[in-house]
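Quick look at what Swiss-Prot lists:
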- R45, G46, R167: diphosphate binding site (BINDING)
- E101, D102: Mg(2+) binding site (BINDING)
- E101, D105, T106, G107, Y108, T109, L110, K133: IMP binding site (BINDING)
- E101, D105, T106, G107, Y108, T109, L110, K133, D161: GMP binding site (BINDING)
- D105: active site, proton acceptor (ACT_SITE)
Amino acid sequence: MKKHHVDVLISENDVHARIAELGAQITKFYQEKQIDNLVVVGLLRGSFMFMADIVRQINLPVEIEFMTTSSYGTGMTTNHDVRITKDLDGDIKGKHVLIVEDIIDTGYTLEKVRDILNLREPASLTICTLLDKPSRREVEVPVEWVGFEIPDEFVVGYGIDYAQRHRNLGYIGKVVLEE
């Protein structure tokens with residue numbers, strides 16, 4: 001790991017306020033469709049804090065599932081080798097599925113997860129991400145709910161790591177490399 005420090009990009013208060021808004025929007029969306037079998041799938045490890053907070057803001061009965069994906073390794077750039085290292089425990093056939101992601105960068109991870117889950121015949125599949133870096137997108141994936149659009153910075157905090165560090169920060173910070 002290179003010598004660095006972390007500057008605040010999005011404050012803890014702003015993160016929590018936006019999650020409350022997203023939860024209300026998601027609740028309204030599914031209530032209007034009279035959906036009562038929502039499965040929320042968190043993509044680990046980065047989404048664990050966001051997942052815990054967003055499901056508490058969704059005012060509907062939900063089932064919780066997790067998948068673990070990997071595409072970063074221990075560096076600061078993503079690669080196209082997306083691996084599923086932990087799959088869902090339950091069946092999603094005929095159920096409405098909401099994928100919860102920490103950050104969308106190139107789009108490859110979400111494309112692979114979405115394709116895998118669609119093969120399992122859910123009734124619907126939607127996506128909510130805390131952070132979106134549209135300037136880095138290489139694969140377009142439809143995303144229904146975005147917390148924050150951010151510039152092309154390497155970010156940490158609120159579950160997101162740099163070489164397994166900084167996940168515990170309550171805010172979103174940008175990594176600044178030091179000379």
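Each Cβ is built from the backbone N, Cα and C atoms, and glycine gets one as well.
A map of Swiss-Prot features onto the structure.
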residue: R45; record: diphosphate binding site; DSSP (3 states): coil
residue: E101; record: Mg(2+) binding site; DSSP (3 states): strand
residue: T106; record: IMP binding site; DSSP (3 states): coil
residue: K133; record: IMP binding site; DSSP (3 states): coil
residue: D161; record: GMP binding site; DSSP (3 states): coil
residue: R167; record: diphosphate binding site; DSSP (3 states): coil
Among residues E101, D105, T106, G107, Y108, T109, L110, K133 annotated as binding IMP, what is the maximum Cα-Cα distance? Answer in Å. 13
Taking just the CA atoms, what is the gap between L110 (IMP binding site) and E101 (Mg(2+) binding site) in Å? 8
Please find which two of R45, G46, R167 have the most distant C-alpha atoms, given that the record lists them as binding diphosphate, and give only that distance in angstrom, rounded to a whole number. 9
Compute the C-alpha separation of R45 (diphosphate binding site) from D102 (Mg(2+) binding site), stating it in Å without decimals. 9
Anything within 10 Å of D102 (Mg(2+) binding site)? Look among the binding-site residues Y108, T109, K133, R167, comparing CA atoms, and list what you find. none
Can you tell which of E101, D102, D105, D161 has the least company, meaning the fewest other C-beta atoms within 10 angstroms of its C-beta, among these binding-site residues? D161
Just to verify: the residue among R45, K133 with the fewest other Cβ atoms within 10 Å, which of the binding-site residues is it? R45
